[in-house]
Each structure stands twice: as structure tokens, then as C-alpha cells.
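**Q** After the C-alpha cells below, expect a handful of questions from me.
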Amino acid sequence: MVGDIREAKECQLKDPMDLFHSGQVVKICAPMVRYSKLAFRTLVRKYSCDLCYTPMIVAADFVRSAKARDSEFTTNKGDHPLIVQFAAKEAQVLCDAARIVCPFADGIDLNCGCPQRWAISEGYGACLINKPELVKDMVRHVRSQIDNPKFSVSIKIRIHEDLKRTVDLCQKAEAAGVSWITVHGRSIEERHQPVHYDAIKIIKQSMSIPIVANGDIKTLKDAENVHHLTEADGIMVARGLLANPAMFAGYEETPFQCIRDWVDIALEHGTPFTCFHHHLMYMMERITSKQEKKVFNVLSSTSAVLDYLNDHYGV
């Protein structure tokens with residue numbers, strides 16, 4: 001990490017808010033556990049992604065352990081604008097984590113949306129939507145302790161059954177100085193139910209800061225529809241980008257050039273085999289037959305994957 005970070009420090013950090021003032025819908029790669037790491041961010045940036053998030057990092061571990069910092073956060077000078085997402089439940093811990101990444105990233109995001117049991121039992125993630133005063137306090141603390149006025153502080157939330165509570169949370173965060181809010185249009189209990197885009201629109205109409213829509217966006221057409229339905233300033237995509245990292249550039253399925261680019265980038269970054277292989281499995285899901293998947297998905301080495309791609313696709 002140190003070499004990459006040193007290189008990043010030489011670069012010109014960017015103001016993510018400039019994207020929201022551009023008049024265009026901001027195209028965003030979501031924070032995804034295991035997947036939205038440096039190599040994948042490098043790939044989607046080649047294909048019209050405007051803004052990338054790191055996977056969620058537990059702030060307390062990050063502050064306490066150099067080992068955690070080295071394994072959880074890697075960047076370089078092309079990796080901008082970049083938002084580092086943290087799980088936190090104490091204002092000062094979040095501030096300390098923000099201070100560490102501030103020279104190398106363009107903003108932080110507080111995770112108030114993760115519905116996993118472990119996160120909620122630890123006081124992280126989606127349980128924070130029920131603690132608006134704590135969220136407000138955390139945003140205000142980071143705002144007051146980070147000197148760089150261009151460094152963004154955002155939050156990513158889920159919605160309440162009673163939307164008035166969500167609007168109240170968002171307005172409190174706005175009053176504390178939050179830069180923008182990403183809304184995943186489901187409640188904590190909802191997993192695969194339809195996304196409440198109407199709720200995102202109501203939140204958007206209640207706020208004067210940018211709102212980003214998130215949830216079940218698989219294609220560029222979905223992104224355009226969700227923008228139309230919600231009037232959101234940005235669109236955040238997770239699994240849709242895993243399946244097609246070139247989605248924002250207008251491709252309906254992963255082009256072979258994107259697969260070539262992934263191979264080059266992953267090898268250059270020393271991406272672990274499992275991650276390298278899983279990304280290819282996602283990318284090739286729509287363009288391979290059942291029989292091909294059976295063979296490809298059980299390959300167990302980088303050389304076997306490279307041979308397969310060369311033999312079958314000339315990649």
C-alpha cells in the first residue's frame with residue numbers, strides 16, 4: 001500500500017462535488033465487499049464511471065491496525081475521484097479514519113445501509129438510520145476536523161417504513177454539512193423486494209443537496225429509467241457493474257475488449273486468483289453457454305484461465 005499511496009499523494013485530488021454541479025447524472029460504482037478494490041475501480045473508470053467507492057472498511061480496525069490499513073486501502077494517482085466508505089459508530093473514530101485517508105482520497109462515506117446481522121449487532125450499518133442524532137454528530141465532527149473544504153462527507157442509507165423518519169434523518173444530516181446522500185430504496189428487512197423509487201423521489205424533493213439513487217440498476221437503460229423516476233443527481237450501481245463493467249459506456253453486455261482490459265489490469269495489480277476469477281465469472285455470465293460455465297467456473301489457476309480465454313475467445 002505504501003508505494004501506491006505515495007504515488008497517489010503526488011496526484012491532484014479532485015472535488016467530487018464538481019461532478020454533481022456538471023449538469024450530468026453522476027455515474028457511480030458502489031462500495032462492494034471484496035469487489036470494488038483498486039483493480040476493478042481502474043477498469044470501470046476506463047468505461048465512463050465518474051466516481052468510485054472502496055469496499056466498506058471498519059473504521060475502528062483501520063485506525064488501530066497498520067495491517068488493516070495495508071490490506072483494506074490501496075490507491076494510486078489515477079484512482080480519482082475516490083470515496084472511502086467506513087463503518088463507524090463513534091464520531092471521533094470516524095474522524096481519525098478520515099484524517100488518515102484525507103491526503104489520498106477525495107471524501108469519505110458513512111455506511112448507514114448495510115443490513116447484515118453482524119454489522120447491525122456491532123452498531124454499524126443500517127441500524128444508524130434509527131440514530132439520526134448520532135449520524136448528525138459524526139458528519140459534523142468530520143466536517144469540523146478535516147481542514148480541506150473540498151473533502152466530501154457523504155452517507156449511504158436505507159429507508160424506513162415511515163418515510164417521514166427518513167426525510168428527518170436526511171435533513172439532520174444536511175444541517176450537519178453532509179455533501180450528498182445515497183439512498184438504497186429498500187428498508188432494512190427488504191432484500192429482493194422491488195425498490196421504492198417513489199421514496200427516493202420524495203427524499204430528493206425534500207432536500208437541497210444532491211441525492212444518489214441505488215438499488216436494482218442492471219443496465220444503462222435501468223439507470224436512465226431510475227433517473228427519470230427519482231430525479232436523482234447520481235446513480236449508484238453494484239451488481240450491474242460486476243456483470244458488465246462497461247455498462248456506463250453504453251454496452252449492453254461485457255465487450256471482449258473489457259475482458260482483455262480486466263486481464264491486463266488484474267495481472268498488473270497482482271490481483272489474487274480468486275478475485276481475478278470471480279470477476280471474470282460475473283463478466284462472462286451473459287456471454288457464455290451453460291457448458292462453457294461448467295468448465296470455466298472450476299478452473300483453479302491464473303494460467304488455466306488465461307489459456308481458456310486464449311483458446312476460446314482469442315483474449
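Every residue gets a Cβ built from N, Cα and C, even glycine.
Positions annotated as active site, proton donor by TrEMBL: C114. Taken from TrEMBL, the feature FMN binding site applies to P31, M32, V33, Q85, H184, A238, R239. Residues annotated as domain 'DUS-like FMN-binding' in TrEMBL: 29-292.
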**Q** Could you measure the widest C-alpha to C-alpha distance across P31, M32, V33, Q85, H184, A238, R239, the residues recorded as binding FMN, and give it to a whole number of angstrom?
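**A** Site span for FMN, by Cα atoms: 18 Å.
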**Q** Can you give me the same-chain residues 6 or more apart in sequence from P31 (FMN binding site) with a CB-CB distance under 8 Å?
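**A** When sequence neighbours closer than 6 are ignored, P31 (FMN binding site) has Y53, T54, P55, M56, I83, Q85, D109, N111, K156 within Cβ distance under 8 Å.
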**Q** If one measures from the C-alpha of C114 (active site, proton donor) to the C-alpha of H184 (FMN binding site), what distance in angstrom results, rounded to a whole number?
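**A** Cα-Cα distance, C114 (active site, proton donor) to H184 (FMN binding site): 10 Å.
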**Q** Pick out which of the binding-site residues H184, R239 has the most other Cβ atoms within 10 Å of its own Cβ.
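**A** That would be H184, with the highest Cβ count within 10 Å.
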**Q** Hey, which of the recorded positions M32, V33, C114, A238 is the loneliest by Cβ count within 10 Å?
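**A** Comparing Cβ neighbour counts within 10 Å for the recorded positions M32, V33, C114, A238 gives V33.
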**Q** Return the count of C-beta atoms lying within 10 angstroms of the C-beta of Q85 (FMN binding site), excluding that atom itself.
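**A** 25, counting other Cβ atoms within 10 Å of Q85 (FMN binding site).
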